[in-house]
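*Asks:* Have a look at this one before I ask anything.
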Amino acid sequence: MHTVAAVVQGTGAALRTPIRAPLLFMGLLITGLAQLPISVSVPRGFWALPENLTAVEGATVELKCGISVPGSAVQWAKDGLLLGPSPAIPGFPRYRMEGDTARGEFHLRIEACDLSDDAEYECQAGRSETGPELVSPRVILSILVPPKVLQLTPEAGTTVTWVAGQEYEISCVSGDAKPAPDIAFLQSGRTVSSISVDVSEGSQEKLFITEATARVTPQSSDNGQLLICEGYSPALVSPIKASITMNVLFPPGPPVIEWPGLNEGLVRAGQNLELPCTARGGNPPATLQWLKNGQPVAIAWGTELTHATARSVLTMTVRPEDHGARISCEAYNSVSVGTQERSITLQVTFPPSAVVILGSVSQSENKNVTLCCLTKSSRPPVLLRWWLGGRQLQPTEETVMDGLHGGHISMSNLTLLLRREDNGLTLTCEAFSEAFTKETFKKSLTLNVKHPAQKLWIEGPQEGQHFRTGTRVRLVCLAIGGNPDPSLIWYKDSRTVMEPRQPQEPRRVQLGSLEKSGSIFSRELVLVLGPPDNKAKFSCKAGQLSASTQIVVLFPPTNLTILANSSALRPGDALNLTCISVSSNPPVNLSWDKEGERLEDSAAPPQSAQFKGSAASRSVFLRVSSLDHGHRVTCRAHSPELRETVSSFYRFNVLYPPEFLGEQVLVVTSVEQGEALLPVSVSANPAPEAFNWTFRGYRLSPAGGPRHRILSDGALQLWNVTRSDDGFYQLHCQNAEGTAEALVRLDVHYAPTIRALQDPTEVDVGGSVDIVCTADANPILPNMFNWERLGEDEEDQSLDDMETMSKGSTGRLRIHHAKLAQAGAYQCIVDNGVAPPARGLVRLIVRFAPQVEHPTPLTKVAAAGDSTSSATLHCRARGVPNIVFTWTKNGVPLDREDPRYTEHVYHQGGVHSSLLTIANVSAAQDYALFTCTATNPLGSDHTNIQLVSISRPDPPLGLKVVSLTPYSAGLEWKHGFDGGLPQRFRIRYEALETPGFLYVDVLPPQATTFTLTELQPSTRYRVWLLASNALGDSGLAAEGTQVSITTPGLDQPSGEPDDQLPTEQPAGKGILPPEPPGLPLLPVLFAVGGLLLLSNASCFGGFLWWRRLKHPAQGISEKTETGSEEDRVRNEYEESQWTGDQDTRSSTVSTTEVEPYYHSLRDFSPQLPSTLEEVEYTPGFTGLEVEDVAFPAHLYDEVERMYAPPGAWGPLYDEVRMGPYDLHWPKDKYEGSGRIYDQVAGDSDSLPFELRGDLV
């Protein structure tokens, strides 16, 4: 039972808590009593009584109630509330009375118990005829509610950080429960004993909350462990838990330094020392710090998390100053009370860092020198000894003193007598010690014994030799012996020779350095001779010794100067010029010339001059003019011995008023809206002070204006030039010496504009007319007029039969004997070289009498004569001026008052159309010959249109072969009259050597070209073409519907009858293999199959004929509904405009003389395969929808080009474009100026409904 299960569950959970022993005992007692028969007396009328129950929330319980009194109304009461006698207790969906009522069982079943079910219950039986009312004893249903959650503080699931050894308080609160749960704490798996518990009321009546508080003291072993709060309740199978993770902080262990060796602290200078320091334990891990003599050392350290060990390595290079240093390693973390330390004191052994010799080793020969040898501090001290070459010397004194870092300094003194042979020997002081046996420390010096040189002389050119200026001369001074090396010094005239200090000065002197070769010393002096070197004395000295030499230099004049008697010159002034040659060696000859012309002059006697040379002078007399301004007079000094000439010039500065030069531009050409520059070519000294420009008596502002500016050279710059700026501009120039004037003309060119053009220009056919074009332009050129004819074709643009003339600003296009083909738009183009050319359009209208289209002698239009259909007759004519249409029927004018006749007339240019719509066509009244007459003031014309009944189509026309290959043949034909219904085409063909016919349906249905495939090479074929509509086919007897072909062999070239290339290559899948020999049964099989197909087709044809006879009237009414008056208009006019006589169903322009429009073969689905003939071709195609046909881009232009001369007229109606997959016109009728289109019914796959009977 559910009740027992609930009690057992609760007691099982209570076993975990000792304080719940009474509750456990009570649960066991209740369970045992529930399983035993009731021994006490049962009240009268009850054979089963309810008992006290305990259940866990969510369980299902059942309270027993058995009544032995039949016929009584039984119900339960909850806390005194009657629940009612119905088994499904209203208002308590979880309560229900169950049991066999016939046996008196009225047990109360409660599902999904909750706290609201915790109440007292009693079973009651109402008064009946057989007995009084009955009430059972009250029982208690006790609901146990387990705690759902434990709220732990700190928050459960978190990590708390505590310090080892400190006490902390935590609390754990249970959720609502019944009875109050028990709470216990576990620290690292150990039960916490110090707990205080407080039980309080819950959020609802009968619910309790338990709050427990514990005080814990974490230890280092608790680090990373869990502290768990567990809640126990009789309603729980297992306790609920909440936990936190303890992060316990505790200090690390002492640090340990690992010394690399046996003798701790003993090291040597220069040694690389590595000291590891480790500290184990601690949370957080230890922080290690190295100290040297109490000062921190920056060293990185790491931590091994697995062993909680911190490690740091001190790396240092031992130096002498580290002797006695104290190296310490400290370990601590954030919870350490103090710092733990481990230290080592260093004992450093170090050699002397240097050996120094004090005193000079440079002295004159046969003199004593005193030297002292010192070492830097070392530990232990070292000994010293002296060496000269390979000979040991005895010191005069030795001393040891205290040094740095606990070391010692050694000192040794030495006195030595110097001799010439000791010069260059090495004197060495050596330090040594047993502590440093593998090292040697010493200091060496080289003895320098001084003595003088023995000889001095100069090597170079002979003394007094002559050289040209600029010559490079090399002098070398040499000496033998001497210590120190003799310093060879060069002198020029008692002044020391020095190289130029500034880099920009020409390097005329190069002084070499002292060089030594054995015992010979030399120093070079290189000179680039100049005038200052002439007869100069060059000496070389070394101590008391000296040597000298002298050089003679030949040089041209060092300076050529021209002196003038006046600085300001004017035309006519006299000028005296004197040329002076300052110094040269030897003397020079002077001369004067002007622009290459030798001048007469006078000379003065030569004189002594600088650099021990000679000076000369020469004068000339001149009279100047304005043309001399800027010219030069040249003085030349020539030295015959040097063969050199030096020149100097004097430039004339002549003051004169402005003078215009010969290259002054007098006419400037510019383009309108462009820029113009009026240049100025004037000569004046001084330069002109002002340039004044005037135009038409007005002075232009020198400061410039919106469209002009005067440049610094006087030129006038204009922009945005207009034709009003054309004219003469006067220039006035002025300076301090005078004035000058000039006239400059500005010629402004501008693009042509057409001033007059007669539009339109009219002329009768055969007459003559001039199209006159008058333009305004500058310049006006003889051939600037050109004419163009606007048209789509090149033939339309020809002007061969017209005459062009021009005179001045007027051009003419003369037309003789005007023709219709010359009507249209013409363009007058005027181009004088200035862009843009002017263009003007003019229309030439050629007036002519009406010309009605006559496609055939008799045009047919088909319509059903059932008085419910309509027909539209289309009459189209050309003529200028406008045309008036009149209609007659069988020669009698139409009655305009008859409402059955409606006419729409359209005019567009020279094209005119009349659409006559006949409503309710009657075979008796309207099957007649209608005549359309077009009239204008120049004449009239007419055409006849026959209105006939709907019939089978006319045979196609002009079947011919356009290409031929061994496996295919390309066919082409023209449409015939479609009989007023959509027509299709089928090809029948036969191989003459093989019995039977094959049929191929042409797709798309409206195509007029087709490629017949699956043919055999070298085979004769006969091909027929049939047209059919819903009423039947055109038959095979008509002329032009059959053709005979012979396919070429495989070894013969493919081609076309007119030597054209084939339109299609054979496809691999369409090739039929040649008939194998030796099969005589094949004709028999064809014959049998043909008979079977013929019989089936006959039956099907009879069925169709029966349907035609059965529904004549019904078909006529349906046609009337689907085909309105506008439908007929579109059906007739649309085809003539759209296909260009490709499909002439119900068309006024059906003809066999006009080339049809061919649809592209690439725009339809794969064609149907050939089939053997069984019966005569059955009209209509079953299951075929409108094919995907590519429509031409211009539907109506094609028709107009066929019947009209080029350029004579435009399209009659605006284009209606269709997509490649839409054969249907727009459903909305549009009617406007120049157009009327209505919906046309789509093609039908079978006979129209209104025609399925006899024709009227």
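Note that Cβ sites are derived from N, Cα and C of the backbone, with glycine treated the same way.
Got these off TrEMBL a minute ago, pasting:
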DOMAIN    37-136  domain 'Ig-like'
DOMAIN    254-345  domain 'Ig-like'
DOMAIN    352-446  domain 'Ig-like'
DOMAIN    452-552  domain 'Ig-like'
DOMAIN    556-647  domain 'Ig-like'
DOMAIN    752-833  domain 'Ig-like'
DOMAIN    850-951  domain 'Ig-like'
DOMAIN    955-1049  domain 'Fibronectin type-III'
REGION    1045-1074  region 'Disordered'
TRANSMEM  1081-1106  transmembrane segment
REGION    1116-1152  region 'Disordered'
COMPBIAS  1118-1133  compositional bias 'Basic and acidic residues'
*Asks:* As a quick check of your reading of DSSP, tell me how many residues in the domain 'Ig-like' (452-552) are helical, how many are strand and how many are coil.
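*Replies:* The counts are 3 helix, 54 strand, 44 coil.
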*Asks:* What is the number of residues in the domain 'Ig-like' (850-951) that are helix, strand and coil, as DSSP sees it?
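*Replies:* Residue counts in helix, strand and coil order: 4 helix, 61 strand, 37 coil.
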*Asks:* How does the domain 'Ig-like' (752-833) divide up by DSSP, counting helix, then strand, then coil residues?
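*Replies:* For that range the per-state counts are 6 helix, 45 strand, 31 coil.
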*Asks:* Average the pLDDT scores across the domain 'Ig-like' (254-345) and report the rounded value.
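*Replies:* Across the domain 'Ig-like' (254-345), the average pLDDT comes out at 86.
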*Asks:* Quick check on the domain 'Fibronectin type-III' (955-1049): DSSP residue counts for helix, strand, coil, in that order please.
*Replies:* 0 helix, 47 strand, 48 coil
